[in-house]
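Have a look at the structure below, then the notes.
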Amino acid sequence: IAATQPSTNWHLKENARDHHTSKFSSKELIVRRGQAFIVTFNGTEQPEQNLTFIAETGPKPSKLAKTQATFGISSTVSKESWSAVLQSTSSNSVSISIYSPPNAVIGRYKLSVQSTSSDSSSPASLGTFVLLFNPWSSGDDVFMPNKAECEEYVLEEFGIIFAGNKNRISSFGWNFGQFQGDILNICLSMLDRSLNYRQDPATDLSHRNDPKYLGRVLSAMVNANDDQGVVLGNWSGNYTGGKSPSSWTGSGEILQNWKKSGFKPVRYGQCWVFAAVLTTVLRCLGIPTRTITNFSSAHDADGNLRVDEFYDASGNHLDRAADSVWNFHVWNESWFSRSDLGPSYSGWQVLDATPQEESGGIYQCGPASRNAIKEGDVDLDYDCPFVFAEVNADCMYWNYDPATGKKTLIFSKSTIIGQFISTKAVGRDDRVDVTNDYKYEEGSTKERDIFKKARKKLGLEDKFDPTAPTPQEIDQKPDISGKFKVAGPLEVGKDLNLILVLANLQSDAKTVHVNMTAWSTVYTRRPVHEIWKDSISVILSPKEEKQFPIKIPYPEYQQQLTTDNTIQVTALCHVEGGIQVLVQRDITLDNPAIDIQVLGEAKVNKEVDVEVIFTNPIDMELMDCVLQVEGNDLLRGILEIDVPPLKASEKSSTKFKVIPFETGPKHLLVNFSCDKFAAIKTFKMVNVID
């Protein structure tokens, strides 16, 4: 090999097209494993059969750890190992096709070439390239046979996340942005900052060919707990010192802030932020991934497949149990095979980066096979009991007397947890319900059998549980029934009107004392501020139903509301001579609407005007108004616009320009915040033409 450094042509455009990596905006070659790529280099004066190539990754490459490969030119590709096939030669350059095995370690590689004929020469570097997972290749653990699903779960940068509660599902857009500027480098540096890498870099690198390993490591790295990871969680309702979790519109800003700050955790996140960032990182690395929302999601802290909630005599929801039932919780599913468990457990795997419970001593969760969850195989790796409880736990509601410490069961329910499990449709902006992929039909014999099977595997069937209610307590029948009905709009800025409906189920009259409270909560149903309380006494004639209107005026709840716009209303009914009845409802109020209009046709490299219109719906002035806009291929970075204060009922119009730089369907995401409304979000699909 000549003393001069060889110059390399990486055929960036052709290789990127063949490897589905054209969306990365990189000057470096990015390819997928288990598939050939072409490289041309000059500066060699040896016959090509005398060339040896070296591909290596990590600080201490070794053949044993699968982080170094040495290979010559052969006549055909080997499917099992790194290999090179000659494409063409000219007087001073050689074109070769390099093939990496479908189980190669992913990451940044250095490629060098060496002459085998002269021992003295040291290898000449051809440069670096990045190797990713390949869902388009049938030999890869992440192989996904459906091409439309590959497009959605690996290449799509726009997502929709579902939120709200089971009575009123809402959704918002998210910019995953996995192909933006520096995101791939940030994802690779996340791997190099994990606890596993810090403890033993060589072993960590040798496992980077395995999606279940990387999924687990990254579920730990996305939260800040244990390892100074990306996002710091905060569920207090007070977000001073950071950004409120509901104000983010994409992962790019979060990942870039993490890097810019010298890898200090970004403040603040809640479940959908952790899930969205993990989606970005896994899609970027080539593992098909989506976000999943579970409504009425159980957080079973003590592993007994039961969540306990406590209320005092006044009907206040006491924040005294480690267990909780969240209005919704967002986690991830990633697609890969489970060679450790067997083929029936391959496919979608649950990963959860929200720091809820420790697993193996650190805050990480998964991968738990979705099929294992459905079949109650909770003894399989990883964290199946926790995920199983999230969608299946039984609910126990207790009355608790703080003075005596005595608790009395009010009632138990086995059909509340795990409803309307949702994800975005492939290729469309619609909701798809995947509840049946997590469990058999609620209330069916099969579903109860699976629940018993899971309890048995966890050893819960055999041992006495002193905290469990007695069969007598569970079998008690209430004398009355109650529910809260909504009687008017559920909107921030309007009075909240409800009706408490009480019905006597017996054929004799009942006297009932009702203690009612309303609290603002976080979406996890953690009470934050008391808003209202009242008590009434009622006599219900035999079989009588009575309605009691409740009105909570906007000024009474406005100051107390959290950014989640959630209120929990509770009525604890003390029936004379009978058991207590708990009536409760979680209410999520809608933000006012905001509208985006694209004024004219959106064409590549041509300015187009966009107008955002918002009308102040309340009779108070809105201050500190900020509009935040982002959209892949439409704007570089995030546009922040200060909007002047808005008087009562005043309409504001904000105009700005975008210059699209790619054709196709693109999404513009808007977030409007002010002192009275947190994070009013909307998105608009913009079709960009040539």
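Each residue, glycine too, has its Cβ placed from N, Cα and C.
Copied over from TrEMBL:
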| type | residues | note |
| --- | --- | --- |
| ACT_SITE | CYS271 | active site |
| ACT_SITE | HIS329 | active site |
| ACT_SITE | ASP352 | active site |
| BINDING | ASN392, ASP394, GLU442, GLU447 | Ca(2+) binding site |
| DOMAIN | 263-355 | domain 'Transglutaminase-like' |
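A C-beta separation below 8 Å, combined with a sequence spacing of at least six in one chain, links HIS329 (active site) to CYS271, THR293, ASN294, SER297, HIS299, THR354, GLU390. Taken together, the residues in the domain 'Transglutaminase-like' (263-355) have a mean pLDDT of 96 on the 0 to 100 scale. If you count neighbouring Cβ atoms within 10 Å for each of the recorded positions ASP352, ASP394, GLU442, GLU447, the highest count belongs to ASP352. By neighbour count, meaning other C-beta atoms within 10 Å, the densest spot among the recorded positions CYS271, ASN392 is CYS271.
Taking the Cα atom of each, ASP394 (Ca(2+) binding site) and ASP352 (active site) are about 21 angstrom apart. The two recorded residues, GLU447 (Ca(2+) binding site) and ASP352 (active site), show a Cα separation of 24 Å. Same-chain residues that are not part of ASN392, ASP394, GLU442, GLU447 yet have a Cβ within 8 Å of the Cβ center of the Ca(2+) site turn out to be VAL391, SER414, THR415, ILE417, GLY418, LYS439, GLY443, ARG448, PHE451. For the pair ASP352 (active site) and ASN392 (Ca(2+) binding site), the C-alpha distance works out to 17 angstrom.
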